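These come from TrEMBL:
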type: DOMAIN; residues: 25-487; note: domain 'Major facilitator superfamily (MFS) profile'
type: TRANSMEM; residues: 21-38; note: transmembrane segment
type: TRANSMEM; residues: 75-94; note: transmembrane segment
type: TRANSMEM; residues: 156-174; note: transmembrane segment
type: TRANSMEM; residues: 194-215; note: transmembrane segment
type: TRANSMEM; residues: 289-310; note: transmembrane segment
type: TRANSMEM; residues: 330-350; note: transmembrane segment
type: TRANSMEM; residues: 355-374; note: transmembrane segment
type: TRANSMEM; residues: 394-413; note: transmembrane segment
type: TRANSMEM; residues: 425-443; note: transmembrane segment
type: TRANSMEM; residues: 463-483; note: transmembrane segment
Amino acid sequence: MSFFHKFYNAGDAPPQIFNKTLYLAVFIFGVLGCARGYDEGYIGGIEAKAPFQSQFGLDDLTKSETELANLRSNIAAMVQLGSIGGCLLAMYLVDKFGRIRTLQGVCVGWIVGSVIQITSKNVGQLYAGRLIEGLSIGQTVVIGPCYMSEIAPKNIRGLCTCIFAGSVYLGSMLSNFINYGCALHLPTDSPKQWIVPTAIKIVIAGLLAIGSLLCHESPRWLVKQGLINESGTVLSKIRHLPSTHPYILCEVGDIQEQIDIEDEATQSVSKWHVFKELIMVKSIRYRMLLALSAQVLSQWSFAGSITVYFPELVALAGVRGTDRLLYSSILGVVKLTSAYLGAFFVIDLLGRKKALYIGITIQMLATLYFAIFLQIIPDAIEDDVQLTGSRKHAGLGALAMLYITGVGWTLGWNSIQYLINAEMLPLRVRNIGTATIMAFHFANQYGNTKALPSMLISLTPAGTFFFGVGVLALGLLWAFFFLPEIAGRSLESMEDLFNLPWYLIGRRGAELCPDNSGIAHVKEAESGELDIKQNDEFIENASDQSVDDTMTSKQKKGKSLCNQEFIPQIPPCA
């Protein structure tokens, strides 16, 4: 076994499944995260530029400090507002048209919104363009994680989904450096200072649309549409295995079994009924509450708002002028690097919970330092104050802590908020559930993006960041008591885990309910021959008939190809 396979716990899977077709699809749908990240990084930079301020009234001396703060937050948060609708729209579109076609529609909408912004002559048109852009960006957080969780082998599913989360900071880094480059090389009074960074969105959207033509549709979506043969063919292409290979048959069988059982339980059921399942079915309700609470705790730790308003926040540490854009660019590099280091070396290696513990702890300590600095040296926020001596060193430390909050965020909350949405929901409600969760995500992001400028005034800068520290402390307790470890589980094995009593799921769920899906028991031996894992928990072949006699009609109908042909029946989780 190679070092690569050992590192990613891939020894129980055929090596062919880790191939260029999979990696190309992961790259295209992973880079989709740039859509959100680019706007988060660029909007704070262009709001600090004189031509943009003049064009849209941000330098109006007749407006009060509060009015200017509201105008600035309205412009910045309009994309988040549109993203709420985009998430809800995505839950229909991805089911109706599939993941690929929906992505292509998103790219068109993103281009239209960008053109409207570039041609804006007043703030009303700017709002409209950013709202339309938000409708597209909101869909990306549903399409990207869902698609990658559905095509990625379970061994590296966390890694693949984190590629999307990390690409948020690839977009942020690009936009920050483009802002900084424009500030250095274009006339300071030219509208190109903000038009050029906005126009780059059209280029990124066009490249993503072209790249989507090289990807295959999600096999799970094809099975849900009744296209079983097509699903097997597509999965064979993605996995680089023959369509008759046991791994392919087991994976398609697991998907089909889950869908058959769900279809029998939900025949003639409306979309509204499926939506009600999110609340009425105990195991799904727990998952929804888990994901929604994760959005509240993560977003109100202010990590996203720090990215949006970073040029203003570094001024609190004594940074002035164009250097604010340079330091914003460095933040993009720091977050991108830590996000992908976490994706490659932490998320799947240590597991979701340990990664979250590490990330929250780093973010909380760094935020606490920044809050204490602002409390002890409140005059650092004044433009005419020059920090000297120990105060200057403390200011440099505070600036470093802003970067370290980004490291903690990318290792912890940023990865988890996407992973648990895509991984833990059953297929019949995955799109609706993910869309609802991400709509709630953007509602919270809209709220704290709108709130932060006002909170810095009313609570003082120090009080605002002490508030963030309190939220992070609650996040640690939440992770310990309620979040189960789901690293390495197949998507079809989650039901048993979340049917445990609620007080056991987070602390002992993985121990009490190991993964018993069919695909979890297919092992490719080093010699290349198929080896079926056996242990005392398996029912021997001799008892298969008695198992069949006791199966319900629902279980018989959904019995997978894998269970029939390749492995003995596995008892349900106790």
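Glycine is no exception: its Cβ is also placed from the backbone N, Cα and C atoms.
Counting Cβ pairs under 8 Å that are 6 or more residues apart, the transmembrane segment (21-38) and the transmembrane segment (425-443) reach fewer than 3 and are not in contact.
Computed over the domain 'Major facilitator superfamily (MFS) profile' (25-487), the whole-number mean pLDDT of the model equals 85. Counting Cβ pairs closer than 8 Å and at least 6 residues apart in sequence, the transmembrane segment (355-374) and the transmembrane segment (463-483) reach three or more and so form a contact. Distant neighbours of the transmembrane segment (75-94): 36, 39, 43-44, 47, 56, 102, 105, 123, 126-127, 130-143, 146, 221, 308-309, 431-432, 434-436, 438-439, 441-443, 445-446, 449-450; these residues of the same chain sit at least 6 beyond its ends, with a Cβ under 8 Å from one of its Cβ atoms. Beyond the transmembrane segment (463-483), the same-chain residues lying 6 or more positions past its ends with a Cβ under 8 Å from any Cβ of the stretch are 290, 293-294, 297-298, 300-302, 352-353, 356-357, 360-361, 363-364, 367-368, 370-371, 374-375, 413, 416, 420, 452, 455-456, 505-507.
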